[in-house]
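Per TrEMBL, the features are as follows:
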type: COMPBIAS; residues: A:1-21; note: compositional bias 'Pro residues'
type: REGION; residues: A:1-240; note: region 'Disordered'
type: COMPBIAS; residues: A:47-57; note: compositional bias 'Pro residues'
type: COMPBIAS; residues: A:87-118; note: compositional bias 'Pro residues'
type: COMPBIAS; residues: A:119-131; note: compositional bias 'Low complexity'
type: COMPBIAS; residues: A:189-201; note: compositional bias 'Pro residues'
type: COMPBIAS; residues: A:227-240; note: compositional bias 'Low complexity'
type: DOMAIN; residues: A:399-437; note: domain 'Zinc finger Sec23/Sec24-type'
type: DOMAIN; residues: A:474-714; note: domain 'Sec23/Sec24 trunk'
type: DOMAIN; residues: A:719-803; note: domain 'Sec23/Sec24 beta-sandwich'
type: DOMAIN; residues: A:814-913; note: domain 'Sec23/Sec24 helical'
type: DOMAIN; residues: A:934-1005; note: domain 'Gelsolin-like'
Amino acid sequence: MAAPVPPGAPRQQPPTGPPPNFQQNPNALADNFQNMNLNRPPSSNTRPPPFGQPPPFSSSSPASPMTRPGPFPSGATLRPASGSPSPTLPPNMAPGRPSGPPFGQPPPFGARPPPPGAFPSSMPPSAGSPPYGAPPPVTRPSPVASSSPVNMGPSGAPSGFMSNGPPAPAFQAGQRFAPPGSSQHQPPMGAPPAMGPPARGPPQAGAMRPFMGSPGAGASQVLPPSGMGQAAPAFGGPPQAMLGSVASPYAPQMPSQPGVPPMPGSMPPPRMYGMPPPMQNQMTAISPVIGQTGGTQPGASKIDPNQIPRPIPSSSVILHDTRQGNQANPPPPATSDYIVRDTGNCSPRYMRCTINQIPCTADLLTTSGMQLALLVQPLALPHPSEEPIQIVDFGEGGPVRCSRCKGYINPFMKFIDQGRRFICNLCGFTDETPRDYHCNLGPDGRRRDADERPELCRGTVEFVATKEYMVREPMPAVYFFLIDVSMNAVQTGATAAACSSINQVIGDLPEGPRTMVGIATFDSTIHFYNLKRALQQPLMLIVPDVQDVYTPLQTDVIVSVSECRQHLELLLESIPTMFENTRTSESAFGAAIKAAFLAMKSTGGKLMVFQSVLPSIGLGALAAREAEGRSNVSAGDKEAHKLLQPADKTLKDMAVEFAEYQVCVDVFITTKTYVDIASISVIPKVTGGQVYYYHPFSVVSDSVKLCNDLRWNVSRPQGFEAVMRVRCSQGIQVQEYHGNFCKRIPTDVDLPGIDCDKAIMVTLKHDDKLQDGAECAFQCALLYTTVYGERRIRVTTLSLPCTSNLSNLFRMADLDTQFVCFLKQAAREVPITPPLHVREQVTNFCINILLSYRKFCATVSSSGQLILPEALKLLPLYTLALIKSAGLRIEGKIDDRSFWINYVSSASTPSAIPLVYPRMIAVHDLDTQDGNGSIVPAPLPLSSEHVNDEGIYLLENGQDCLIYAGNSVNPDIMQQLLGVPSADQGGAEFTLQQYDNPLSKKLNEVVNEIRRQRCSFLRLRLCRKGDQSGMAFFSYLIEDKVPTGGLSYVEFLVHIHRQIQMKMSS
Amino acid sequence: MSEMANTDPEGIDGVRMSWNSWPRTKVEASKCVIPLAACISPIRHHPDIQTLPYAPLRCKTCASPLNCFARVDFTAKIWICPFCFQRNHFPPHYGMISETNLPAELYPQFTTVQYTLPNPSINPQMGVDPNVPTALSPSPVFVFVLDTCMIEEEFDYVRSAMKRAIGLLPENALVGFVSFGTQAHVHELGFSDMSKVFVFRGTKEITKDQVMEQLGLTVPGRRGPGTSAAAAYQHKGMMPNGFPGSGVTRFLLPASDCEFTLNSLLDELQTDQWPVQPGTRASRCTGVALSVAAGLLGACLPGTGARIIALVGGPCTEGPGTIISKDLSDPVRSHKDLDKDAAPYFKKAVKFYDGLAKQLVSQGHVLDVFASALDQVGVAEMKVAVERTGGLAVLAESFGHSVFKDSFKRVFEDGEHSLGLCFNGTLEVNCSKDIKIQGIIGPCTSMEKKGPNVADTVIGEGNTSAWKMCGLDKSTCLTVFFDLSSSDRSNTPGTVNPQLYLQFLTSYQTPEGQTLLRVTTVTRRWVDSTVSSEELVQGFDQETAAVVMGRLASLKMEIEEGFDATRWLDRNLIRLCSKFGDYRKDDPSSFTLNPCFSLFPQFVFNLRRSQFVQVFNNSPDETAYFRMLLNKENITNAAVMLQPSLISYSFNSLPQPALLDVASIGADRILLLDSYFSVVIFHGMTIAQWRNMGYQNQAEHQAFAQLLQAPQDDAQMIIRERFPVPRLVVCDQHGSQARFLLAKLNPSATYNNAHEMAAGSDVIFTDDVSLQVFFEHLQRLAVQS
């Protein structure tokens, strides 16, 4: 077979790094990815971890307003997003803001490109080290100056607030508004006022408001304005008003906040940007939302699409302490690049809450319209610079636990009575301190040994599990590969690709005598291989009964890698040729996994299935429902979503059985046809596995990805036979868990396999009132077995303050988490509800939050404007993106949608966001762009306005990477980048190669960096204008208006505003 | 062989009858006590049998071939069929016929002739497609089914036995291989890339169709080189041209092609790897393995002669055919359990093998079982399948034992000692009017061919006048039971032919692929026993009668619940003696028996004591095994089973037959007992002492050495002739092994009367009655009015 994998790649690896494991060498992960990176010089060991710096969502959204703004007229057109700090900062800063620190930092920034790499060495626990030297010192001592270099703006807490609310900006806005807006706003404007007043908004005088209010008419009116900005006028709200509104909620809080420290500048959340904050900027030129200047300037209504809220990437790394001053410190955005210091609460990577303060009552929560949920990612990949999780061994007695709720000892358990007893922070029960765990209390009421004991000072610790936590010996690491060898699979090269991938990956499996591997192939029958044979070649054992399967051997089907490596390799090499001439087109997927399961039953382990066609025979065979579905389309879409549900219960029942025996199934679907992922995916979902989808499969372009995906799959931090439970303080309880797992009893989830990429959403509900000012704790305990066969309990504890103040909730909302929860729920709905309903639900969700904010937190005067809480200002954009995402697209392929649904269900926050809101960058001018320290250039808004015919663009969502070449690209550039003079010659099967020119090198660097960030190799596709591929590319530009009815971003804002107004007035 | 021929009571025909003169009426026949039965050895070798290169001429009404008993009108060129009296014209190619120019079949001495048949289809009714051109598949087919659940040592023995067997196979023989343990493995010998096996679960009964489907033998173009057309043919159960159906080339390969593969496969083969819990039996799916093998053959070569050779090392504990649970504390069923219906698996297993037998018979394939284990392996259950297909059964203690090793080797041996294994035999019986066929005891299956000469009452395989013998060999012997029609014989004796005719037609396929038809026509006299029983008495064949009674008793014991064989035999013996003895009523001392009957009571006495009737000394497996052989062997051998022969060797005389009595034991004698299943050399005490002192090694005691050697040589001669190879026991008087001899002897001297015995003789510790006592009772009862 033509193994497209560069022969060199795998070989390089062993030397570079040991197989990754959690703590010891976080960099190993990065190393892995390096190896994936074909074109990358292998030298760079020091590359930062994959998650180093997720670009699209800048580390701090608050920064965005600052960067764009207006002092520079040019700002409007191109946003020098991460432009040189010095110029940007001042503008952001409200007058009178301390500008010292920011300036101090530039130097480090300048040096940034290398820093990620430098991290590991230079700053272990954020000691003052050269590159970062500046920030940390600054942060600690002077809360005011505060935190991370990037977010200078917010950092000055007071000033930050000012920026939102304070009148000063408002005025600015007012002043600035006139000039930009003046150009074109009249037409719509004119009309609305007329209609508006009668129709609606009695209290509000805002000219715009009425406009918004009248739904029907309004819409028509709005749209006509045409042009990109058409909808602009809709947002009537006079800027000033908004500012006012913002200010008001905010101001009051200020005092309440315990001074500056708790709200370090780095926090985006603290700042409330409603519409207002943008306003602040808009004032000058942007003011997207508030199209109309309302009262002041009736004419200036046109929204500048460049000014509406969009995520602004930050290239800098945020340093984050989880608690400061004994207060929970709201975490940086999930998608930003940050380094955590665990000072009591767990790192937000492991667990984060949708709101960083817990509403005291259920009513309050309901009023806010927000969700209360945790996103738990217990094995998340840490930043290489972070301190490793400490392992605590309590010896035979096992970890100290509350005798009532069985909560684990954590920093928030309160020791009393000279340390003889302690009060559980989860259930409130007073326990006796075990004798040998006793320690006196210090004057501060803490145990004197608190700082020496990780479990008393860290939010995340790992306990060594005792016998009590084992029902059997910890299982060995078992990897079973199951390969489709039906005619289709062999002919498309999928079999060969799978075999060669496995062959390359065998070396990456955890080393040790307990690492076991099995291989089986299947078509209409299942073929096992007995590899443990002293003489001769392996023995092929065929299980022909695919209705009622069994395993052909109790032992020897799964063998120790170290003993049978050669046999394995030999076998993998011969499989493709052995089935070369097969004419069996049937595929017994269900039976095969069942048989493999039976072979693994005694140990459990990971089952990796390479499937290429629709399972057509035997147990769990599926019908080509899609075809039926298509013919039914005419009958209406009512039933269409049923195709997204599993065909029957067979596979589900199997999956539950697998989970019971700790078998985790990953499915690699390498196909060119419909395979009914909706049904197949049930198995990975229930067993804690994952679906990989290569469609349409191409040997040339997908083999490498397959190999890299597989490598990451086996080498990423992971655990087996896990059980997870989340405990909450009294007053809150877990409502439900969502994710890829199996649940047999209500309180726990069983995870046959869990890895660093998997997240579980835990929705919460009140069962009692909480005390304002008290803390509410959440503790996630994950009992699992490492790949080396150690049984561990990873305990992550998060303690958050409770509040009864609604505006606090908005202020402390965590946009990314909030949205991801919301995304996951939408994904769950899709198969059971017609898509239009789901879209409506999604939109309503967004509206309700904004409405609540508008109703209860904004000032009365601002009613005519669309007001967005600062923390959630991107919610409409994300909501729009979600509505237009693959999963909710009606016309999409069923399998694509199923895959999307499945992917979302286990996706972590940092990977879910880009899936919905991808990142687009221009690559034709990579060599001239100023990266500003980051390898990946600043993303462009997802709007076709930003795509021009002379450009080449790269758009990626963590899974796919589309390279789009316009029609009139300079052939030179094409040649340099892609090796062909025009996109027409690119061919569908596209691989990125490195050519000997700076542009190409740069592109490769960028792609590799993205791969590293995403922990994903990305499927590269070349898109051309005018054909299918081009359409695919444009379908990701979610800000565009879609001919079939999808609103543009601006239109969507208008729509939301109108809805809010309707509800307000009703 | 020729030596045998001289004393051969069966003659050219290989037919022996219990009565060589037949009573005229059913009533008279029933008074004769011993049923009318003919024991035939359908393909026994005889030097005088002519093989004619043409097809037989058949009567146009009853289809019986022309034979030497037909009346021929040479001028009119007409022959009259002796069975139906139909007048048949000779066809043109018999035009040359005249009194001096007879075709071989009309020579009076050639009552048995053999015809060579053109190959196509012997018996369309067998469900074998008549279009199957058997000429194209002349090679014998062997599918080995090997048990892998055994200890390493045994496994080595059986592997080497198999290797040797494969080496002995003719080059063109097709070989398939199935191994089994917890699961059944079908080895795809034609797959060159690596060893490839199809694994069938042991617990699940599997139909023939499933086997075909799962081996990929049905769906067109599934795998392998079979064209879709070929596969389509196969689907309908036929093959385009003999073979190759794709299955043949995948699973069955000529021995020359696969010998290396098989040998290396055997080298690599491990004993079953599934763990066996302590205290449990290995799980062994004999039933599934056999049905898979049957399915494989059925898919590949239906209608072609093929043998499934099962090498079994223990009881089936898994899936269909299970005879015992895996729990070791649960003992394998005994006769007692069977009697009390306390063998929960027995009936189910028998039913399963019955089904398997049907399948094999319909495919024309043979099941051979070689069982070697200390405990039972389930031969009792498998018996039905082995017997109906005409297979071989060998029961041994170990695969290393000569009983197995040598027997197994003989199956594949060529030449003089070959068993002459033939395939696809059918037997048809034609008989004169008024004679009805009740059935056959022996290795065959009824073909349910009804006709006017089929009796209503059934013995053994009945309800037919034709039988299938998937496998048969030179020694195969069948016992046909006849009855007379109950119709009142109103016709006057004058018009009735005084002779009765029986014709046996056996068609079969030789290992070389030839199809032969052997026609044996025999005639016997009708006698009117109401007038005189003299002729009847003269025609009594005691040996045959004893064997027939033995076979019948065995059969009845198997199928009749609560059947008391001893009493049944006693009653019949008494009736016989009452009818044919000379005596005064109620005077036992006056009782004498015609010499034609004189041996019979002794046969019955020994039969009563034999393993066939006294089953409780044996396991059901052994009993089944003994019975299979009893039913299958010729009369002479069967008689030895009932009543062993004893030869005495001493210094003073030539070897001479000795009485089967404990009195024959002497300190200075060597006895050679042949009880068919075992051959015992028994050294008297003195002889044993001398031997132990090594006299035979001294030059001056050559005679002693010769004396020692003589019985050994004779034993070897017996062993060489016999299949299965008997167990050879060499023992000394008072040794533990001596029981093999003592058990067979008439206990004329027991501890009860030990004081009466001369010194040096031996005593048997038993309460069994001795022959003398038996006779006394018999006389008394026979004369009772």
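We count from 1, first residue shown onward.
Quick reminder: no glycine exception, Cβ is built from N, Cα and C everywhere.
Among the stretches A:474-714, A:719-803, A:814-913, A:934-1005, the one making the largest number of Cβ pairs under 8 Å with the domain 'Zinc finger Sec23/Sec24-type' (A:399-437) is A:719-803.
Taking H, G and I as helix, E and B as strand and the rest as coil, DSSP gives the domain 'Gelsolin-like' (A:934-1005) the counts 22 helix, 12 strand, 38 coil. With DSSP states grouped into helix (H, G, I), strand (E, B) and coil, the domain 'Sec23/Sec24 helical' (A:814-913) comes out at 75 helix, 0 strand, 25 coil.
With helix defined as DSSP H, G or I and strand as E or B, the domain 'Zinc finger Sec23/Sec24-type' (A:399-437) counts 3 helix, 11 strand, 25 coil. Across the domain 'Sec23/Sec24 beta-sandwich' (A:719-803), DSSP helix (H, G, I), strand (E, B) and coil residues number 0 helix, 57 strand, 28 coil. This prediction places the mean pLDDT of the domain 'Gelsolin-like' (A:934-1005) at 84.
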